[in-house]
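Encoded as structure tokens, the structure appears first; notes follow it.
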């Protein structure tokens, strides 16, 4: 596994994910001040979650057309073989110490371990909930429910179970949701029970059980990103307030009864069960302030959340920002139309010597000028990207056969060609940065010994790479 692949495919998107989440969290505070209705809309937090994950979406999946200069499709001559013996003198320069590549690999696996720990936490919490569901008994008598509620249950084929634990009523499951009720409900007034059932069925109609399960998954897996946890908490608060409002709107005369149902549920159901990924009526693990907020909202005749023109405009701005951030994070070369400058590029092979320069004439090439620079080095020596850009070609079939295995990278108006490689560590469409290891020195194609043939093109024509590499 090459560190350039790890960097561009994992670490850069990971960093962009955290930074984007932080910026979105700050934007949400601004929205709370100027467009509170949008801030209180539960789906707003679901949108923020999706937007925060955009940096992991590979832009290479988007359709794009790479323009390959015709000049690269022509056959080239091999470099001189005069320097082949000297290559072996460089073998001792290959260091056996721990390299940056190895450090990146270790760091990558540490991150994978961290993600796996979060995944294990999610699985364990889900298993606890499923254990409660498994131990619960399927309900046979639906007399607790109103006729309208019974119709909803039958029409949607919802499983209803009674648990012998004193937990809050909840809905759980992504594809086959189950409504789990505690046995303590028989101690509540009939009117209160009906409103609690209405609350849970409203969650089902709104597909909240699916949304909360997704949030729980990403919150556990991305535990190192505190902003995702905040998004989840704000979503739960908004979701419950919206569900409360939906029930009260349909039973306006029973506001006080609904408020008492909240209090009764909290008193009767004191089991502190981590109901991960479930939409519940009132969990004791929630804060006292949250319950007070729900009761106040229930009694306040708060209208349902409706987004006006200002809210839609601010939401559109957040969407545009996030999409732009994704492109910017994965396409650093788009910031400048011409990211190359004199002397700014890195040597593609650090331990090599130049065996053939640009425009050098050699009898081996039939007295034709050399169209690039050859860097002689032992086979397997790492090759790094001299400039940041996007990989257009990474194979041995797209260009003339005597190039062998090649990598062609686009740098704004320029293109860099790396030929005769032994191995290729990148793929077409991948974004790379200066210094990334992209392959190894080899002798594929028409050559007399291992070396890197490096070319630089500007607007389809070859130019001397020396000024750009400060050779």
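Quick reminder: no glycine exception, Cβ is built from N, Cα and C everywhere.
According to TrEMBL:
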type	residues	note
DOMAIN	19-271	domain 'Peptidase M56'
DOMAIN	369-465	domain 'M23ase beta-sheet core'
TRANSMEM	6-31	transmembrane segment
TRANSMEM	38-57	transmembrane segment
TRANSMEM	103-123	transmembrane segment
TRANSMEM	165-185	transmembrane segment
TRANSMEM	211-228	transmembrane segment
TRANSMEM	309-329	transmembrane segment
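According to DSSP, the secondary structure content of the domain 'M23ase beta-sheet core' (369-465) in residues is 3 helix, 52 strand, 42 coil. Taken as a whole, the domain 'M23ase beta-sheet core' (369-465) shows an average pLDDT of 88 in this prediction. The list of residues near the transmembrane segment (211-228) in space but at least 6 beyond its ends in sequence, with Cβ under 8 angstroms from a Cβ of it, reads 17-18, 21-22, 24-25, 42, 46, 49, 52-53, 114-115, 117-119, 121-122, 125, 172-174, 235-236, 239, 276-279.
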